[in-house]
């Protein structure tokens, strides 16, 4: 061994030294003696006295050398170093100082330490291929496949990288082991792997001359189930069973769940019987799957038998199990048993969730026994919180049972120191929708009792209900209360008030609210002006309506289809059809496309004034725009047709909207 460096040695014939620099340690230390040197001392020859022994061999790895642990640790530390900008370059420098290169076994162990850094592992795997004399074997390929399969880089990305490695194995002529197949099958179910790819993976077994083991069967079975190929999965299970293999409880549960969802009841019962026969004890999830399956097909007696079997074995039931059994009882309208089981659930300190209450609530509604809801609430009072109360209130309201919802809400209001805004708003909304305005006003007045603050949403709900009920005095009283106690009215508040007064023909009141709105922080929008224009039109003040129209345009607000339709209706009803038609043309010029309501309004105006020809031309324009006539359209056209040709009637016109009126008229010429 020749060293191109100056070495200071003693005069003895033998000297011990180590290769390396004072700032960097190396994996191997050698002892030797100087056997020759040049006259200038710049070159020397050293004979190694004790060469390193051959690496020990592992018969379990086919005679491959056992990995050097110190070397594996050093390489792993270099690759995982956070201070290095290029770990592979540092690794290359380090390996050049050694007389031995990495073995596949050592590379495999390094890859194992990099499982949390898949990108670094892939880079190292590629780097190993560039080392002199290094060739990846089945173990290193399995290791990198395991690292990639376990990464979280996204389903499609993982699958693509696995395919690249698999293609490389085939090019290099490296035969995989049954573990390789297990790894490949294990990724099935991720994005990008379909049945065709699954068959390719399984084809490797025959190509490499391998045989399935128990774990392979389990992997293949679960892969088919993840792909929703339940029939193929069951066939794999039968083959596995014939060969004397069995699943663990997780595998059995996965198969039973898939069979139950696929309505393969007979096969599921066969698997359950086989599970017991092979001394694999079913757990709570096993029984829950079977109870859900049998309950779905109405075999409630068998569900009760399974449930009793579970209790006899002393299993601790979970929320899913209780919910499943209660759902089965509810489906078969067994109200008494459902409530009894619910009480046992509470006794065993299993907290019900919203689904539990929804199942019981629905069956009580179906069988007409909502009177027992108080019993359910009382049984579970230690678990009743504002969230559950709120859920019950909203659900009862959605089912149309406002009185029962109000009763539940009152319980919540009395039992809890603080209120729940969602439940309060739901209850208030239901009272408003039911036009129970007195109750709504009283309800709103109590909002502060439980620490809640009245907001504009609550006030606006009540204003809308009062407007629909034409309760002007109550509207004004609530409006004054809102201004004095807060919150401040918003744009929606003002729009609701203006629209309400407009529907009642109270133009002066609407104008007063509009002036207050202009002096506030809220600015009028298109909806505001639409309500004002409608109010003026219904009051017969067309000039004021048109003035509001021009005013909104000056403020930069673009009239919409409601604006134009309202104005057209106002002028049309006042027999000013020419102005209505002019507004219609202006509407088209401004790029605001009329809807079927606009056409119906103008058609009615033209029909009222006897302008039949113009009406049919308007209908033709409607068809050109691609709008679908409705019953109102055909009613107006029927009257126009009757007026233009009294001797001919087309009684089926309303019943056959697809018939083109213009075609009928042309046929009479």
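Backbone N, Cα and C define each Cβ position, glycine as well.
Quick caveat, the model's predicted, so the values are computed rather than measured.
Among the features that TrEMBL reports, repeat 'PPR' is placed at 213-247 (among others). Non-local neighbours of the repeat 'PPR' (213-247) in the same chain are 178, 181-182, 185-186, 188-189, 193-195, 198, 202, 205, 254-255, 258-259, 261-262, 264, 267, 271, 274-275, 278, 280; each lies 6+ residues outside the stretch with a CB under 8 Å from one of its CB atoms.
Residues 218, 221-222, 225, 228, 230, 233-234, 237, 241, 289-290, 292-294, 296-297 of the same chain sit 6 or more residues outside the repeat 'PPR' (248-282) yet have a Cβ under 8 Å from a Cβ within it. Here TrEMBL flags 248-282 (among others) as repeat 'PPR'.
Sequence-distant contacts of the repeat 'PPR' (283-317) (same chain, at least 6 residues past either end, Cβ-Cβ under 8 Å): 249, 252-253, 256-257, 259-260, 263, 265, 268, 272, 275, 324-325, 327-329, 331-332, 334, 345, 348, 350. Among the features that TrEMBL reports, repeat 'PPR' is placed at 283-317 (among others).
Nonlocal intrachain contacts for the repeat 'PPR' (318-352), taken as residues 6+ away from its ends with a CB within less than 8 angstroms of a stretch CB, comprise 284-285, 287-288, 291-292, 294-295, 298, 300, 303, 307, 310, 359-360, 362-364, 366-367, 369, 372, 375-376, 379-380, 382-383. Per TrEMBL, repeat 'PPR' is recorded for 318-352 (among others).
What TrEMBL records for 455-489 (among others) is repeat 'PPR'. Beyond its flanks by at least six residues, the repeat 'PPR' (455-489) meets 424-425, 428-429, 431-433, 435, 437, 440-441, 444, 447, 496-497, 499-501, 503-504, 506, 509, 517, 520-522 of its own chain at Cβ-Cβ distances under 8 Å.
The average pLDDT computed for the repeat 'PPR' (490-524) is 91. According to TrEMBL, the feature repeat 'PPR' maps to 490-524 (among others).
Sequence annotations record features per position, and here TrEMBL assigns repeat 'PPR' to 525-559 (among others).
Feature annotation from TrEMBL assigns repeat 'PPR' to 560-594 (among others).
For 595-629 (among others), the entry in TrEMBL reads repeat 'PPR'.
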